[in-house]
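**Student:** Pasting a structure below so you can have a look.
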């Protein structure tokens, strides 16, 4: 395992920000780190980066603790975006690149390459404050990726971007992963995590409540969605035993069930009311899992 | 070490290349040259307006006017006198019209006493009437002596001036004239130190707060340790300050040289100010105290800057720091006239005041070597302690966000820095 967190706990005085968190992330995987605001994501990232020391437990990167000696191997996109507002994009990126151990000329080449990739080569000599927020974010993503880090930590990389830019960044992140980097990212957007991450973990108030591969997480959730489309009234189906939840729309309904048996029973019942146009058993979305686990107020 | 230099270079270059820095430096350098050549410039404007400055005198006795003229010339006054037939009222009229600046009415009633009235537009000509009075006084004394039929030797003996010489036995061991020269130089340098320390420590605090508020800090400290970052920053901006001060110094020196070749006046002007031949030791002390004073305050400023999350809060948090410098400056300013006063002596060992007060003492007095050495030692010690302490606060402070406007956050930052 490339990055390992072993029973990590972080306390600030009386307050426990992270409670007994364990993760193991393999090399070249993309790991999703989900949690509501204040769940302890940023604290965890800061511990991984060595900015904070865990109160208890151990964090290792390739078997060694992370410190300033390993910082050249790490790329970091903080949640709160930050760049020098008055500095030109190129100067700024050269400075940040050099701090991550790049040579000046390599940094220059990498900056050109990345700006081209993000279709903003004209920003090379602009001051950061002149750029829009989304474009500033692109610059910051470049700062996190330009030195070809082996471990990339992205805190909310896609927030505040339009769909076109989200796709652009997603493909960049995927490429970096395909080149062998280990990527940890946090997000509120469950669809992004579902699309990108093989493995994930959900934390809530410092506690890890879900951990594992996307498929295992979905399987072990123990609920499925049954979607039925019909022109007839389906409200009566709610009384079928095993149905946990039902939501109705004009052209049908979605039932949350715990096993396949209930699903079949639902189909039978539905057919009794009339012809069914559509029937499917869907695996739960991450959104469903997150809401079920963390609670509605954080969705 | 490489990281250190990258931050150092960035702190130095980004400021050095900034428009603000270039413009400020250029303006001050231009100001120095302008000031050094001010007499030349004034002369250039005065050209062709060589008006006679002779003062009209109403007198019943022309001989006495000639005598007064001689007396004034002997006293080194260049203003000439001119007997006029106009009446007092006419002269007052001319004065109001601005045709003349002043006039004098002389009468010698009884032949052995002098009555004089000096009328001028305003009382701003302060030195001249005094001189006039002095000249007339000695003339009257002479007249009286002649009336008493004293022999010239007797009269001479009567008016022989007292042999008066001023020497001091204070610690300075400098004559009054030397003191005045040193005082001027020390004042100028002290002001520079005061100004530079305030300006650059403010720059540090703002810089740190900007990095924090723009959140670039989190990227920086994930690649460089906060301690390294802080010291590289302090050193980078300190070097910038030193470069700027040296530029000013060089400009002042060149301006002096170039202007003194143009006009002898300004040369005498400068030597009067004590800048004619600058004692090398004073300059060396000035640099040493500037550097140490800067570090002392810069480390504190960086610490304070790390506590705020918005640049707007810097001003309020840095006020106590500025107050300390101001107090130091007030002590030093008072010490200009009494450098050996007890409160000056004691406060010169306080590390926060030493850059100004000990520099003042070292510039004005002949101190035994250990006194400045002790103050410097104490300052270095304080800088080390503050550096160590500051680094710990900084480490936590840079991670702290939220409303932070008080020194209470210090404890919080220290706590966070440990974790």
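Yeah, the Cβs are placed from backbone N, Cα and C, and that goes for glycine too.
TrEMBL lists these features:
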DOMAIN    B:19-391  domain 'ABC-2 type transporter transmembrane'
TRANSMEM  B:21-42  transmembrane segment
TRANSMEM  B:184-209  transmembrane segment
TRANSMEM  B:230-256  transmembrane segment
TRANSMEM  B:283-307  transmembrane segment
TRANSMEM  B:314-335  transmembrane segment
TRANSMEM  B:341-360  transmembrane segment
TRANSMEM  B:372-391  transmembrane segment
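Map these features onto the structure and tell me what's around them.
**Tutor:** Within its own chain, the transmembrane segment (B:184-209) is flanked in space by residues 11, 15, 230, 233-234, 237-238, 240-241, 244-245, 248, 273-275, 278-279, 282-283, 286, 289-290, 293-294, 297-298, 300-302, 304-306, 308-311, 313-314, 317-318, 321-322, 325, 328-329, 332, 336, 355-356, 359-360, 363-364, 398, which lie at least six positions past its ends and keep a Cβ under 8 Å from the stretch.
Panel annotation: around the transmembrane segment (B:230-256), residues 3-12, 15-16, 21, 25, 28-29, 32-33, 35-37, 192, 196, 199-200, 203-204, 207-208, 224, 266, 270, 275, 283, 287, 290-291, 294-295, 298-299, 302, 306, 387, 390-391, 394 of the same chain, lying at least six beyond its termini, place a Cβ under 8 Å from a Cβ of the stretch.
Beyond the transmembrane segment (B:283-307), the same-chain residues lying 6 or more positions past its ends with a Cβ under 8 Å from any Cβ of the stretch are 189, 192-193, 196-198, 200-202, 204-209, 212, 230, 233-234, 237-238, 241-242, 245, 249, 314, 317-318, 321, 325, 351-352, 354-356, 358-359, 362-363, 372, 376, 379-380, 382-383, 386-387, 389-390, 393-394, 397-398, 400, 404, 409-410, 413.
A Cβ distance under 8 Å defines the sequence-distant neighbours of the transmembrane segment (B:372-391), meaning residues of its chain 6+ beyond its ends; these are 226-227, 230-231, 285, 288, 292-293, 295-296, 299-300, 302-303, 348-349, 351-352, 354-355, 358, 361-362.
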**Student:** Residue list, the transmembrane segment (B:341-360) vs rest of chain: Cβ under 8 Å, 6 or more residues beyond ends.
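**Tutor:** For the transmembrane segment (B:341-360), the sequence-distant neighbours (Cβ-Cβ under 8 Å, at least 6 residues beyond its ends) are 186, 189-190, 193-194, 197, 285-286, 289-290, 292-293, 296, 324-325, 327-329, 331-332, 334-335, 371-372, 374-376, 378-379, 381-382.
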**Student:** Near the transmembrane segment (B:314-335), which same-chain residues lie under 8 Å Cβ to Cβ, leaving out any that are not at least 6 residues past its ends?
**Tutor:** 190, 194, 197-198, 201-202, 205-206, 209, 297, 300-301, 304-305, 307-308, 341, 343-344, 347, 352-353, 355-357, 359-361, 364, 405, 407
